[in-house]
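Below is one structure; the comments refer to it alone.
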Amino acid sequence: MMDDSLRVSILSEALPYIQRFSGRKIVVKYGGSIMEDEKLKEAFFRDIALLSSVGVCPVVIHGGGPEINRWLNKLEISPKFENGLRVTDEKTMEIVEMVLMGRVNKQIVRGINKTGSLAVGISGLDGNLIQSRELGDGSHGLVGEVTQINPELLDPLIAKGYIPVISSIGSTADGISHNINADFVAGEVAAAINAEKLILLTDTPGILKEGDNPNSLVKQINLKDARKFIEKNIVSNGMLPKTECCIRALAQGVKAAHIIDGRIEHSLLLEIFTNSGIGTMINA
């Protein structure tokens, strides 16, 4: 049981951060194991609600890979991946849209709203929020990359205190839908709305200097050194695209990007409101 003096100490430590980030926008990518664990999900919803209640303006971006796989299997469609990307034909894209927009998005909205905060679920199709094009040579089918974010839809929602919850689907000018990596969507949205922070919830502690050794966690790094980590292959495999999207967001004006372990309960608050943080912060 936490004693009163410890509670006061925690609140005292959080106060300057609450004052600093009140009125600022923070984009959070929600994904990984946290989406599969009821206790972690509930903690995340409360964390987002708390951020909103102290004046921070959170925006949530989500994917939903495991749920997509479940529905593909139910419909006897085998999920296919190449180089870590889902091969998305037209039939698969229909399932992706159904699951992300109609199921996962609304589950998140419902969870946040139950806390007393007001979330609004939208996709990248709404108001042409996320414009996209086919990724690379098209070998992955309807997998896309962001070409433009139109923040006009988000600005009035944020100004009125709503919490936008955005599924990572974009479309071309011709209305062709694309399945887009949620990390990169989060980075581009953060840049487009001039966010103070981009935070990626992952299944790792953050950037590690030594393979999978959690004791080698890099707590803080600047943009220049983050690029060097990539050049030296210190950052590789699944951490590579996450670090790249952070770098791109910082290069477009986001003040700081964080890669944190979503498997730790209340990791979002621990990263934002404590002196030591819990993951890796990349500064511009």
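FYI, residue positions are counted from 1 along the chain as it appears here.
Placement of Cβ uses the backbone N, Cα and C atoms for every residue, glycine included.
Record features, source Swiss-Prot:
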SITE      LYS29  site 'Transition state stabilizer'
BINDING   GLY64, GLY65, ARG86, ASN179  substrate binding site
SITE      LYS242  site 'Transition state stabilizer'
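Here the features listed in Swiss-Prot are painted onto the structure.
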| residue | record | contacts (Cβ under 8 Å, 6+ apart) |
| --- | --- | --- |
| LYS29 | site 'Transition state stabilizer' | ILE61, HIS62, ALA182, ASP183, VAL185, ALA186, LEU198, ILE199, LEU200, LEU201 |
| GLY64 | substrate binding site | GLY31, MET35, VAL99, LEU100, ARG103, VAL104, SER167 |
| GLY65 | substrate binding site | GLY31, ARG86 |
| ASN179 | substrate binding site | ARG86, THR88, MET93, VAL96, LEU142, VAL143, GLY144, SER168, ILE169 |
| LYS242 | site 'Transition state stabilizer' | ASP183, LEU200, THR202, ILE259 |
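Those residues of the chain, other than GLY64, GLY65, ARG86, ASN179, with a C-beta within 8 angstroms of the mean position of the substrate site C-beta atoms are GLY63, ILE68, THR88, VAL96, LEU100. Within 10 Å of the C-beta of ARG86 (substrate binding site) we count 22 further C-beta atoms, all protein chains included. Maximum intra-site Cα distance, substrate binding residues GLY64, GLY65, ARG86, ASN179: 12 Å.
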